[in-house]
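Structure, as structure tokens:
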Amino acid sequence: MNRFIRKDFQWFSGAILRYKVYLAEIVMAAFLFQLLGLVVPLCTQVIIDKVIVNRGLVTLNGLAIGMVIVILFQLIMDSMRRYLFSHTTNKIDIILGTALFRHLMQLPLQYFIRRRAGDILMKVSALENVREFLTKTAINACIDIVFSVVFFAVMFYYSFTLGLIALAAVPVQIALNVWGAPRYRKRITDAWNYEARNQSFLVEAVAGIDTVKALSLEPRFRYHWEAMLSRSVCKNLDAAQMGAGLNEGVSLVQRVTSYLIIWAGGVMVISSSLTIGQFIAFQMIANQAAAPILRLAQVWQSFQQMKLSMERIGDLIHAEREPGWDTGTASGAPSRGDIVFQNVSFSYESKDPPALDDVSLHIKPGQRIGIVGCSGSGKSTIAKLLDRLYLPQEGHILLDGQDIRELSLSALRQQIGIVLQENRLFPGTINENISYGMPHVDPDAIQAAAALAGADEFIRELPEGYDTELTDDGSNLSGGQRQRIAIARVLLRKPKILIFDEATSALDYISERIVMQNMSRIAQGRTTLIIAHRLANVQGCDMIFVMDHGHVAEKGTHAELMEKNGAYRALWDAQKG
């Protein structure tokens, strides 16, 4: 196991070792189950060589009862092992699944942007493969190794010659797996990659089904899916055939070995160097030894699959979390809403031109600020940096005099409310969506936030009102209705800093007018940033920043900027047409 795998194993070991007592009981039950398996062959030898020859009916009955008791005890041990295994692995799954999801939620936004959704889902699903190998396959392999040694020791005790024949099969089986491992690994890697592409395509097709139907792209998507699925099936079949071929090769060696044992054992019985009872007992033990040997041969394939899964999931579990989830030097959140950008520069990718270039600005507590400019000018980047979805490459961002790098990330985001141009609603009621993350909030507060967002009226007109169930992403509501619910959700949290990032662009004229009329009440007691294309929405702001190619081109009130006859005036005239 190389250094990379050992490093990944440490992530799993904590959860697994929490249940080491249960795992020890599983090992003990499996050990007793295998150990009792030796009783029946030994009793069979005694019955054939001694009891039948001496016509000992009482002894025969006693041995038969003993074997029945042993079989029942085996059944109890096996049932106990299965129960403990199921109980333990379910608990480990909960711990690992919870830890993985928590880590996933704490990864930076850039991690998700750079990867397709299907790839991430495949990485998460790989958790089951790793857990099963570590808690089941690996434990069984250790037990199989121990009992393979025990079985071979007993077989050598019966007959050194037959034991050598049985042992000779082991290096051949190992050689087969060593030869086949890299070839099998390549095939399962290819199959995994194609499966990840299929998953990503399916997620994207379902998420964008409205666009697919609007552009009549169903035939094209269906053809593309069938082609991808065909290639994926071929790769999976190729991997399955390779695995089956290796298993069949190992089984063939085992069958040939079994035939050689029967032939050699028959010769030894005829020559009186081995009794019939000993030969039958040897054959029974050899058959019992064959099962763990075959499983050990298959463990190598399982290990290759686990190693691949570990590498895939390693990309996720070793990805660095957003800085600030751990306690920083300052854990407080903004209490006043004073915002300072000091010579901030930022690029989304190192090869891209800067989205912000040496930007400096000061927003005082309680101010209502407008940020305008053409597409790509850096307006939304200011909001993303302020919410610490990204960190600037140069410069500093201060909230109430503290660098945002030093603030607790969760506390920071609880005090910064952002309403995006497109906001996601979740399955559940309207009431639950507005109060998401605040399960014990007063219903009156929910309705007050909805009224402020211009949503209360249309919600009350719905048959179920606030208890109306939303479908996936709220598709049973209009775009404007969804947006107003999203605004209400942010307002309910009462953040000290409120950011509208093109938040009203999806609203109809009446809904937008309601929100803008309520803006004075919405902005009361907090710092408010309104990022907008429509300049009419920022006309009443205390200060307006005009962005152009990552720079602050102009700043001032609406009246001041109109007098300057600069970039703002040009945008205003263009919109008034």
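The backbone N, Cα and C atoms fix where each Cβ goes, glycine too.
It should be emphasised that the depicted structure is a prediction, and the values quoted were computed from it without experimental measurement.
Below 8 angstroms of C-beta separation, residues 60, 63, 66-67, 70-71, 73-74, 77-78, 80-81, 84-85, 87-88, 135, 139-140, 142-143, 146-147, 150-151, 154, 275-278, 280-282, 284-285, 288, 292 of the same chain, each at least six residues beyond the ends of the transmembrane segment (21-48), sit close to that stretch. TrEMBL lists 21-48 (among others) with the feature transmembrane segment.
Positions annotated as domain 'ABC transmembrane type-1' by TrEMBL: 26-305.
Feature annotation from TrEMBL assigns transmembrane segment to 60-77 (among others). Within its own chain, the transmembrane segment (60-77) is flanked in space by residues 29-30, 32-33, 36-37, 39-40, 43, 46-47, 51-52, which lie at least six positions past its ends and keep a Cβ under 8 Å from the stretch.
The annotation transmembrane segment is assigned in TrEMBL to 138-158 (among others).
Per TrEMBL, transmembrane segment is recorded for 164-181 (among others).
Beyond the ends of the transmembrane segment (260-285), by six or more residues, the same chain brings 38, 40-42, 44-50, 151, 154-155, 158-159, 161-162, 165-166 to within a C-beta distance below 8 angstroms of the stretch. The transmembrane segment feature in TrEMBL is assigned to 260-285 (among others).
If you look up TrEMBL, you'll see 339-574 marked as domain 'ABC transporter'.
When averaged over the domain 'ABC transporter' (339-574), pLDDT in the model lands at 87.
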